[in-house]
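Feature annotations, courtesy of Swiss-Prot:
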- W10, L45, E66, R123: S-adenosyl-L-methionine binding site (BINDING)
Amino acid sequence: MKKEYWLERWRQEEIGFHQREINPYLSRYWPELQVAPGKRVFVPLCGKSRDMIWLREQNLSVLGVELSPLAVEAFFKENGYSPRHIIGEKFDQWDADGIHLLCGDFFDLKKDHLAQVDAVYDRASLVALPPETRHAYTDHLLCILPPAIRILLITFDYPQAEMSGPPFAVSTAEVEALYGKRTDIRLLAKFDVLTENPRFQQRGISRLQESIFLLMTRTA
């Protein structure tokens, strides 16, 4: 799945993946990470997610990365911010009220970009990626994160043959395969959510689950 695919989705406003409300699992399970106020949270492939507003309201600094400048601009405009905009070589940076968004390719991130990060929130990143890209994504993420980081990960799982993603199906077994060698994985909850998602029913899905994981990167 090429970068142009996502840029075109934003240009055409084909953003059914965007949630207008705060994700309920975020407020319910974020305390499990035990992140102190004032710490910094990284939100990969952040889009214009309002979850970043909730994180900021918890007195956390937010660092997001997003490919589409339209998404970044929309986030600040729709939430009433007047950001400072700094043009860079690999990333343009937008800053306002403790929220810092880097506009560019996730795979161009370096350790220096995430040096001050204390936790990660991934609701829509891993499930946005096709199977052939997920290993590269998780390898790069774990490579550039500081040690001893906690990650709140939310995934979808459904019979992949019944629908072409995104969002793609990511099973518990795949989470363990992607992250198990370098993190400790704890399944916090799993819910059957098909009846709450008619758009998936309309596409012929017979089963839909959401899982919430707490991942803890190992120090060695």
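Just so it is clear, glycine is given a Cβ too, placed from its N, Cα and C backbone atoms.
Known features from Swiss-Prot, placed on the structure.
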| residue | record | DSSP class |
| --- | --- | --- |
| W10 | S-adenosyl-L-methionine binding site | helix |
| L45 | S-adenosyl-L-methionine binding site | coil |
| E66 | S-adenosyl-L-methionine binding site | strand |
| R123 | S-adenosyl-L-methionine binding site | coil |
Over all shown protein chains, what is the count of other CB atoms within 10 A of the CB belonging to L45 (S-adenosyl-L-methionine binding site)? 22
All chains considered, the count of other Cβ atoms within 10 Å of the Cβ of R123 (S-adenosyl-L-methionine binding site) is 25
Across the binding-site residues (W10, E66), the Cβ with the fewest other Cβ atoms inside 10 Å is that of W10
If the S-adenosyl-L-methionine binders are W10, L45, E66, R123 per the record, what's the largest distance between their Cα atoms, in Å? 18
